[in-house]
Amino acid sequence: MAAPGEPLRRRKAGSGDPGPGSPPWPGRDPAGCPARLRAGTFWLTRIVLLRALAFIYFVAFLVAFRQNKQLIGDSGLLPCRLYLRSVQQHFQGWAGWDAVSYAPTLIWLLDWSHMDANLDAIALLGLGVSSFVLVTGCANMVLMAALWVLYMSLVNVGQVWYSFGWESQLLETGFLGIFLCPLWTLSRLPRGTPTSQIVVWGFRWLIFRIMLGAGLIKIRGDQCWWDLTCMDFHYETQPVPNPAAYFLHRSPWWVHRLETLGNHFLELVVPFFVFLGRRMCILHGALQILFQVVLIISGNLSFLNWLTIVPSIACFDDATLGFLFRSGPRGLKDRVLKMQKEEAQGARPTLRYGCMVRQVVNLALGILVAWLSVPVVLNLLSPTQVMNSSFNPLRIVNTYGAFGSITKERTEVILQGTASPNASATDAVWEEYEFKCKPGALRRRPCLISPYHHRLDWLMWFAAFQTYEHNEWVIHLAGKLLANDAQALALLALNPFAGRAPPRWVRGEHYRYKFSQPWGRHATDGKWWIRRRLGPYFPPLSLRDLKDYFRSREWPYPEPE
C-alpha cells in the first residue's frame, strides 16, 4: 500500500497525477524509483531464448565441422555416401519421395563425389548463422529455419554418431525457435510480432516431457533408482567423467541417497509446477536450470544439459528476466516498458494481414504439436516406455530420457599397436593410443570439455560393453591406425607411432577401470584410475588381414603414410 504522503510528494514535484488506475511512466514508477516490468509479456524472454538456442547450435555445428569428415566423410569411419546409397537401394534404387522422407537431408541435392566439402559447407553455414543470432540477439523465421534444416541434414546422415537423444532434442527445440520470430524482420523487439503464447507453451510442454520422461524411464528401468543406490555408481561409470566426478564419487553414502531422492523430485514432481500458475512456473524454471547446472558441473554430457536449459527459459516472463538487461533510456528494458505502457493504455498495433496470417500459423503449430504429442504421451504412460525416439522423420516431437539403467562397472577398450613382426612374441612391445577425453592412461586427469562433444569417445564407451561385431567401425578405425591415417588420428589425443613407421599390428584390449581413492596410495602416485585386464576385445590385426573386410563394406583401403 502506498505511503499517505506519496500523492503530496508527486504534486510538489509538479508532475500530474495519472490517477489510481493508470500505469507508471516508463523508466520510473510513481514514487520516482525505477519502474518494474509488468508480468505476462515475453519480449525479453524471446531474446534470451534465441541467444541460448543459437549458442547450442554454434557448439553443435562446431563439433560437426571438426569431426564430420573423420566420421562420415568420403573416407570416414562410416561414410554417409554409403549410407545414403543403402537407403536408395532399400527404396528401389532412386532418391524418390520415400527415400527423402526416410532420411530428410539437403545432401540428396548435392554432389556426392565431394562429400567432405558438402559436410564442411553445411557446418560452416550453420556456424555463420548461429554466430549472427548469438551476437545480435535477433533472428527471423528464415534464419531459424535455415539452422534447423542444416542441422537436420547432418543428423539424418550421421548414423550412429548422431544417435544421441540430444540431437532430436535440439531439432525439436530449434523447430519451436522458428516460430519465435517474425518472417523477415531482423529486430530484437519487432513491435508487430509479440512472442506467441502458443510458442511459449510449446517450450514449456517440451521441458515437461524431457524431465518427466527422464524420471519415468529411471523408475521403470533399473532397480537401483528404487533402492536409491544409483548414484553410488553413476559418477564413475558415466560415459566421460570430469574431475569433479572423481571427488563426488567418494561422497558419503547418505549424500548419494539424497542425490537420488532429489533427482526423483526434480524429474517426477517439479515438472507439474509448470501448469500451476506463474509463480510455480517460475519456480519450475529456476529449479530445472539449477539442476542442469549441477549436472554440467558433475559430468561431460555433451551439450545435453545446456540444451535442456533452453526450454526452461520459457518459464520466465519479462518481469522475471528484466534484471539481465540494463536500465536506461533507449535500452531494451526501457523500450519494453514503453510498449507495456502503450498496451495498458489500450494502444495496440493495427491488425495487418501479415499478423492475421501469423496467428493462423501459430494456431496450426499448436494443433501440429498436440497431434504429434499423442504417441509421445502414450509412450510416457506405457510400462514399456522407450526413450530418445522419434515418431516422425522430421523429429518435431520426440520421446526423451536419460540413464534408464546404470552400469555398475566401468569397462574400457584400449587400442594398442606394435612394430613387432610377430604379434604373439613375448617381447613384442605394445604401445597405447590415447583418445581425446575417454579414460586411458592412468595418470591422465579426467577432462573438462562440456558443452563440446567428442563423438568417438562416447561411442567407445558404448562399444566397451558390447562386442566389436556390433561396432564394425572399431575395426575400420583399427585399419586406419595401421596406416597412420592422418584423418583418423585427428580424432585421437596421442599417436605413439607419430613420426615413424605405422604399427604392423593393432589390437583391442578390454579393461575394468575404477577411480583411485583420493589421497590413497594410487592417487599419491599421480593415478586418477586403477585398472585390471579382462581379456582381448579384438585380436591383433594387420592391414593385410583387413583387405577383404574393407572391400566387402566398400570402405576405402587405407594406404600406409
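Even glycines carry a Cβ here, placed using N, Cα and C.
TrEMBL has this to say about the protein:
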- 1-30: region 'Disordered' (REGION)
- 43-65: transmembrane segment (TRANSMEM)
- 122-150: transmembrane segment (TRANSMEM)
- 162-321: domain 'Lipase maturation factor 1/2 N-terminal' (DOMAIN)
- 170-186: transmembrane segment (TRANSMEM)
- 198-217: transmembrane segment (TRANSMEM)
- 280-297: transmembrane segment (TRANSMEM)
- 360-381: transmembrane segment (TRANSMEM)
- 396-539: domain 'Lipase maturation factor 1/2 C-terminal' (DOMAIN)
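Residues 42, 45, 49, 169, 172-173, 176, 179-180, 263-264, 266-268, 270-272, 274-275, 281, 285, 288, 308, 310-315, 362-363, 365-366, 369, 373, 376, 380, 385, 387, 399-404 of the same chain, all 6+ positions outside the transmembrane segment (198-217), place their C-beta atoms under 8 angstroms from a C-beta of that stretch.
Taken residue by residue, the domain 'Lipase maturation factor 1/2 C-terminal' (396-539) breaks down under DSSP into 32 helix, 39 strand, 73 coil.
With a threshold of 8 Å between CB atoms, the same-chain residues lying at least 6 positions outside the transmembrane segment (360-381) that come near it are 179, 196, 198-199, 201-202, 205, 209, 212-213, 216, 389, 391-392, 396-399. In the predicted model, residues of the domain 'Lipase maturation factor 1/2 N-terminal' (162-321) average a pLDDT of 96.
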